[in-house]
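Colleague: Quick paste from TrEMBL:
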BINDING   97, 98, 99, 100, 101, 102, 103, 104  ATP binding site
Ligand SMILES: Nc1ncnc2c1ncn2[C@@H]1O[C@H](COP(=O)(O)OP(=O)(O)OP(=O)(O)O)[C@@H](O)[C@H]1O
């Protein structure tokens, strides 16, 4: 009887999407103890302090409204689902100030380099403005059949040894993703906590370019977990670096502080086939100088090569095809690992 009343009270606690906490599966157990104590166990994917406090208040209020004996003591335990999922050892986010500087190309090739080095790797494409990871891994729309387990857990798709989940899997080719911030955060949270990642040494997160709401909530979300730091990609162009400057400022805000593991200069030069001379299309040493000025570790440089663009369009990570570029990426990846330790 008492149990039913408690359950009814919990069903009156509504969370997002008009679902109550029982329906949403947050309530894991209700224990009625002999000493007039009720213990309620909840499990949440994102038990931020203010959410916890609000829930406890709401539950207490709802139980009181049921006119259940005042003498009853209520204890509410809220556990983080993240504590229950220990499979991911390191999370690294790849960021850029400006779009189009090669962030996804770099994220792709770092992920595949890590596989080549013998690690278990996942890649979470959080770039809602241009989810290009499916194209870069040649994952065709028709092959995306994200089987969901009964408990709502998503299975990632594996390509070139990397387990991938992308926001692009949820939109048709050519269709813009016009979700509002809270929707995006919700989906990304699901990618993080409710995806069958298994055991991973590294989860690479391809962030959207720039700075914004989504970045803030993502970083807060990931920092609850095992976010080891940020890798920034930029060209040496002034506009790109001024945007990176803003991003660095955001990562260094005290309330969301995330370590920056270093910066990579992409498309640093074009090599003349004939003369073997280097042409600094976006300017020479821009990223190197910036890294010194901002006290950032310079992780390495990648030239601008037609083959990088061509293989990327074919959906084949360049590190699998070109030995020189592979060596560059392996060195950059080793530098990133060193920065984590
Ligand atoms: N080093 C390079 N040499 C030649 N082409 C490159 C290089 N790096 C990236 N590209 C090409 O530049 C284009 C943009 O790259 P990419 O999609 O990785 O950028 P991005 O920063 O992730 O963009 P967005 O932020 O808009 O998603 C792609 O066509 C890619 O193949």
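Placed from the backbone N, Cα and C atoms, the Cβ positions cover glycine too.
Note that TrEMBL annotation is computational and uncurated.
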Colleague: I'd like to know which of these binding-site residues, 97, 99, 100, 102, is least surrounded, judged by other CB atoms within 10 A.
Modeller: 100
Colleague: Just the binding-site residues from 97, 98, 99, 101, 103, 104 whose C-beta lies under 6 Å from any atom of ligand 1, please, or none if there are none.
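Modeller: The binding-site residues passing the 6 Å Cβ test are 99, 101, 103, 104.
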Colleague: Give the number of CB atoms, excluding that of residue 103 (ATP binding site) itself, located within 10 Å of its CB.
Modeller: 27
Colleague: State the three-class DSSP label for residue 98 (ATP binding site), counting H, G and I as helix, E and B as strand, and everything else as coil.
Modeller: coil
Colleague: Note down the number of other Cβ atoms within 10 Å of the Cβ of residue 104 (ATP binding site), including every protein chain shown.
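Modeller: Counting Cβ neighbours of residue 104 (ATP binding site) within 10 Å gives 26.
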Colleague: Using the recorded ATP site (97, 98, 99, 100, 101, 102, 103, 104) as reference, state which further residues of the same chain have their Cβ within 8 Å of the centre of those residues' Cβ atoms, listed in sequence order.
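Modeller: Those within range, site residues removed, are 96, 209, 233, 234, 240, 266.
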Colleague: Within 10 angstroms of the C-beta of residue 101 (ATP binding site), what count of other C-beta atoms is obtained when all protein chains are considered?
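Modeller: Total other Cβ atoms inside 10 Å, all chains included: 24.
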